[in-house]
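This report concerns only the one structure given below.
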């Protein structure tokens with residue numbers, strides 16, 4: 001049922017174009033722009049909740065303290081004054097920065113992370129299917145967009161004319177290239193099951209029940225089908241988005257703030273924003289590839305809209321990153337390189353070959 | 001057709017940071033002071049520029065290795081997509097064999113790089129000496 005329903009479902013731009021009575025290329029452009037604006041705002045809202053509020057609350061809970069609780073319910077309204085405060089800070093341009101590149105980096109980082117959401121199926125909300133585009137090479141595209149972020153980091157690191165920034169930028173590249181390959185190879189081991197790179201089809205392929213224990217059916221999510229790949233992907237994903245224990249491009253106790261040392265005011269906000277959207281993009285890829293996209297875990301809960309499940313899954317990943325932030329020590333740069341090239345790479349190839357053999361034998 | 005929608009998100013994705021920059025330009029003060037614009041070097045007066053900074057050769061070594069493996073992932077992509085169909089048509093030996101050989105050659109390359117120390121972090125001789133002198137090497 002899931003496969004057919006998803007295939008016939010219209011994408012967000014088409015739905016908007018139909019609603020406005022437009023057709024052809026103008027309809028696609030207008031529908032695409034409005035749809036893109038909606039998706040960007042969903043992500044901005046989530047970031048606004050995560051950055052100034054949830055992160056503080058979570059860290060406070062982990063360290064047994066009280067965080068923002070003065071303005072509004074649970075201190076939620078801190079988001080508004082914080083946004084104004086951050087935007088109205090003075091922008092200090094350090095001496096000798098490489099000007100166009102220094103200004104471009106804070107645009108590229110959030111833009112690249114947002115762009116990844118173009119192909120992510122975020123599920124239904126009533127009659128609306130929140131999915132902007134569904135190209136056949138979806139999975140390859142989302143990895144391509146997500147890795148543009150390291151270009152922004154290296155631009156920021158180089159242009160800042162600061163030694164800490166340059167080291168942060170170099171570390172960011174070393175880290176991203178070390179974990180990019182395990183990330184993609186592990187995702188490919190899942191593609192073997194699905195037989196497609198199209199996001200909606202990868203989700204649809206997870207729509208059946210794997211097996212039933214005591215009346216509870218376990219869905220055929222790839223996290224349950226191939227848990228080893230799930231763990232590998234989770235670790236590589238944490239490194240790819242630069243969160244603890246792999247936050248060495250920022251490493252506050254070693255290189256001040258890494259590539260963002262020289263950034264202040266709105267530029268700093270844009271880096272912060274880009275990182276959060278990147279975490280959510282990492283969570284979204286995990287959700288689509290391993291956790292059944294926007295599907296409910298058991299059929300009894302299908303009355304809750306898919307979009308809600310999708311948000312729950314992304315936030316579960318966000319909570320996991322924050323848990324690691326409070327619980328795990330940072331790895332050193334030499335350990336990072338060795339874990340990446342000697343451990344993760346070999347394990348991800350082993351996983352790919354084993355999956356291929358098992359799938360080949362079963363078929 | 002989906003490229004129009006992806007392009008639209010690219011436009012919005014660049015537009016939002018630009019909009020925030022514009023909003024901030026209206027709100028923020030500008031108080032240029034001497035010393036404010038010096039780059040941060042833990043409170044010291046910066047010595048030299050960052051552009052003449054010497055960094056570890058390892059960054060270059062792993063980048064070289066990455067180029068090889070990244071091209072390799074590009075070649076594994078189409079194989080992974082058609083693999084389960086191919087097994088049904090030509091059987092597991094012909095579907096899996098060539099890919100095993102391909103990955104095997106690459107892994108031999110990785111072993112070679114590993115044994116030559118390309119994936120172990122190079123420590124500067126000075127740092128190693130200092131450590132040895134302190135007696136905690």
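Any Cβ shown, glycine's included, is placed from N, Cα and C.
Per TrEMBL, the features are as follows:
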- A:29-54: transmembrane segment (TRANSMEM)
- A:66-84: transmembrane segment (TRANSMEM)
- A:104-125: transmembrane segment (TRANSMEM)
- A:137-157: transmembrane segment (TRANSMEM)
- A:177-197: transmembrane segment (TRANSMEM)
- A:209-236: transmembrane segment (TRANSMEM)
- A:266-291: transmembrane segment (TRANSMEM)
- A:303-323: transmembrane segment (TRANSMEM)
- A:343-362: transmembrane segment (TRANSMEM)
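Cβ atoms under 8 Å from those of the transmembrane segment (A:177-197) belong to residues 136-140, 143, 147, 150, 205-206, 222, 225-226, 229, 232-233, 236-237, 239-240, 246, 285, 289-290, 336-337, 340-341, 344-345, 347-349, 351-352, 355-356, 359 of the same chain, restricted to positions at least 6 beyond its ends. Contact between the transmembrane segment (A:209-236) and the transmembrane segment (A:137-157) is absent: fewer than three CB pairs lie under 8 Å, with pairs separated by 6 or more positions in sequence. As a quick check, the transmembrane segment (A:29-54) and the transmembrane segment (A:303-323) clear the bar of 3 or more Cβ pairs under 8 A, pairs 6 or more apart, so the two touch. Packing against the transmembrane segment (A:343-362) from elsewhere in the chain are residues 178-179, 181-182, 185-186, 188-189, 192-193, 226, 228-229, 232, 235-236: each is 6 or more residues past its ends and has a CB under 8 Å from a CB in it.
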